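Here the structure comes first, spelled out in structure tokens, and everything after it is commentary.
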């Protein structure tokens, strides 16, 4: 029966693979004694061919090991990229939560300032109204004590002047209060911008450290 060379070599490789103690570091001189009793060894008549095929088999083992290491390395890279992606996602979620908290705190502070301003304006208007009412009552009391029409006209003129003065004072205070609120808004905005710059710098530093660590791990 015809037995082709390819089948002979295939059987020879099968024989070598059955011996688990033969690996990519094995030498022909150490192994051939253990193989002499196998028919697949004896069917190869040339000693040189046996040794050449053994070396071919060892190269196959080395190639297989190399490919296995590459697969492991690629798998490790995938896991690392996946972990890095998870870390980026968590960082993004933390930033979103921090941003939401800042927005809520900012809204609460704005509402509190608005309430305080409304309450303060109410008190101020009440005080101004009481003051104006008291001034009018004083003028009325004076008018009732005077019988002269000329004096009554003079007192009426004084009352108009007092009301105009009180009106100007209210407007001056309202403008001063508005300017103060504008300054507070500018200070709050400046603080917010500084905090955002610090957060951005911290994030860049963290990314640089992670990138450097990944490079070291690859080495």
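All positions are counted from 1 along the displayed chain.
Any Cβ shown, glycine's included, is placed from N, Cα and C.
Taken from TrEMBL as is:
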DOMAIN    5-60  domain 'FF'
COMPBIAS  65-75  compositional bias 'Basic and acidic residues'
REGION    65-206  region 'Disordered'
COMPBIAS  84-108  compositional bias 'Basic and acidic residues'
COMPBIAS  120-134  compositional bias 'Basic and acidic residues'
COMPBIAS  141-200  compositional bias 'Basic and acidic residues'
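If you average pLDDT over the domain 'FF' (5-60) in this model, you get 95. In the compositional bias 'Basic and acidic residues' (65-75), the DSSP tally of helix, strand and coil residues is 11 helix, 0 strand, 0 coil.
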